[in-house]
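So the structure is just underneath, and the comments pick up after that.
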């Protein structure tokens, strides 16, 4: 096992992961931001170097003091050979299987290995799979071969124009974390709110302020750079607000040069239609999250 710390090695890793897009997307996006200053202070592990097979991005051990906090105890994994990475992922130096944790990857093929390791460590594993999309501007720059017409999601639905007398673009404040948490599908608890607070504090966030001067629609970035946690207050839905705030987010992050990608639940047809309005690329791989709980 090797822990990559030098800027040179991490840049080599980023360049290598780029060649394996889109399957490496979740890890690539994380390494990109590690190379931009590592704002979440993440740790990069590889099984060997420089000819690595498997990469794991995780928090530092000193930042994983709460055994029950799977929002913080998150591992991002990419492997060139998903069926033969069990020994590396099974190492206690790589993944602490005694904690409540989650593993995220753009490779569903990792499932059998993760489920096997969960069973070996007397734990329960729950898998969530979603559609994975890449913003067109990112695909053009990083993986132009994905710009095939059959991958481009386009919606012909008409948009409701933004009433700029009532609504104003703004950024979220950490004090808005409770509001975001209340509508986040994966949240709704104290630990998720703490995670959201850190995301708002660390990365650019975007919202639309309503007539009351409070956020009515918003979207954030998580610790991997993924566009996440979008939401709209129920009374303001069906006004295309989430489209307008997501469009603002994409325009701003494009200027910063950030890779942009997001997942959508397979049953969330409303957000899928919005993705169509934004003209994003549906990737051939999927967004995967395995929640592991020791019994």
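The backbone N, Cα and C atoms fix where each Cβ goes, glycine too.
Within the list 150, 266, the entry that Swiss-Prot describes as N6-acetyllysine is 150. In summary, of the candidate residues 26, 128, 168, the record from Swiss-Prot lists N6-succinyllysine for 128, whereas the others have no such entry there.
In Swiss-Prot, the entry for N6-succinyllysine among 112, 140, 158 corresponds to 140. For residue 124 (N6-acetyllysine), the nearest neighbour among the modified residues 48, 80, 255, judged by Cα separation, is 80. Its Cβ taken as reference, residue 41 (N6-succinyllysine) is surrounded by 12 other Cβ atoms within 10 Å in the chains shown.
Note: the Cα of residue 80 (N6-acetyllysine) and the Cα of residue 48 (N6-acetyllysine) are spaced 12 Å from each other.
Across the structure, residue 41 (N6-succinyllysine) and residue 140 (N6-acetyllysine) place their CA atoms 29 angstrom apart.
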